[in-house]
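Trainee: Quick paste of what TrEMBL says about this protein:
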BINDING   His69, Asp107, His316, Glu320  divalent metal cation binding site
Amino acid sequence: RSLMDLRELVSALNDFASLSLAESWDNVGLLVEPSPPHTVNTLLVTNDLTEEVMEEAVQKKADLILSYHPPIFTPLKRVTWKTWKERLVVRALEHRIGIYSPHTAYDAIPHGVNNWLTKGLGACTSVPLHPSTAPSYPAEGTHRVEFCADNTEHLDMVLSKIKDIQEISCLTTFPARVEGEEQTRVSLNCSQKALLEVVALLSQNSRLYHKTEILLLQKPLLPHTGMGRLCVLSEPVSLSDIIERIKSHLKLPHIRLAVGTGKTLESPVKKAALCAGSGSSVLKGMEADLYLTGEMSHHDVLDAVANGISVILCEHSNTERGFLSELRDMLAIHLQNKINIIVSEKDRDPLQVA
């Protein structure tokens, strides 16, 4: 096998799943970087980076750990041997091991964690519950303002005042015929703050003002990309059958179940809303026969049940970990088998039934 430079590898990982798809509260990307140049021969993939997994990475001579959950989330004020998260950073740097975390970027992508979780339901079609928007788009600014004006010195004065406003882009003028008259059409993009100034300026001239249009610019939605999934099963099946399918897909001996009001284990499930990990905020208010996630608060479970929705909880990381072996195969192809990719054997859900 050939080696990959860490920066080249990080760039390839970012191509596999754009970090711009991650939620704004998340902490994704390269979190720990040994001094360059740093070459990667072995990549260890894990769901959680615990001290036990770090020990495994050291033993297996990993050069980079891809930890689905970011081990550094809140800022560290110091890096000492005192707390376990700080110790992870100390050990990583001492052994020249980088740490990269994709987290919610892998939730959003079409070939990511939630897509893998839908396979536990059997044959179904799915769409994101909260679609992602395109990370970049041609237009700058949040609004577009357009108006028509007579070709007068007054227009030149208005344009020169507009040019003095901050956060304005794409200012263009072009000839237009309005009701048989030669006029100039003005178009500009601006931020919310600049919009207030533009409107204040135009309102000084009622003729201009009455011919003004304001468009809200929105980024296009990305197909099959976003948080959570709403799945419609090809054939409705009983709740008890769905439970068996999910246990088999996640390789779990048991799950936690709340049966919706008026429902039984024999009730048909046709529509399921799911979200890997902790799904309350993503699933809230969704109409479905079933919610499937790792964990939900007591009160959110009561809400769902009262609305006749059954809830299956599998513990947070159990709804994610099984994705890692599929991820290993996808990354091997994406990285053209240039490096050795291994899935952690020490990574496991912290909860067990006693």
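Cβ coordinates come from backbone N, Cα and C, glycine included.
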Trainee: If you count the other Cβ atoms within 10 Å of each Cβ, which of the binding-site residues His69, His316 comes out on top?
Mentor: His316
Trainee: Show, in sequence order, which residues other than His69, Asp107, His316, Glu320 on the same chain lie with their Cβ within 8 Å of the centre of the Cβ atoms of the divalent metal cation site.
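Mentor: My list of surrounding residues reads Asn47, Tyr68, His103, Val113, Ala276, Gly277, Ser278, Gly294, Ser317, Thr319.
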Trainee: Taking Asp107, Glu320 as the binding-site residues to compare, which has the smallest set of other Cβ atoms within 10 Å?
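Mentor: Candidates: the binding-site residues Asp107, Glu320. Fewest Cβ atoms within 10 Å: Glu320.
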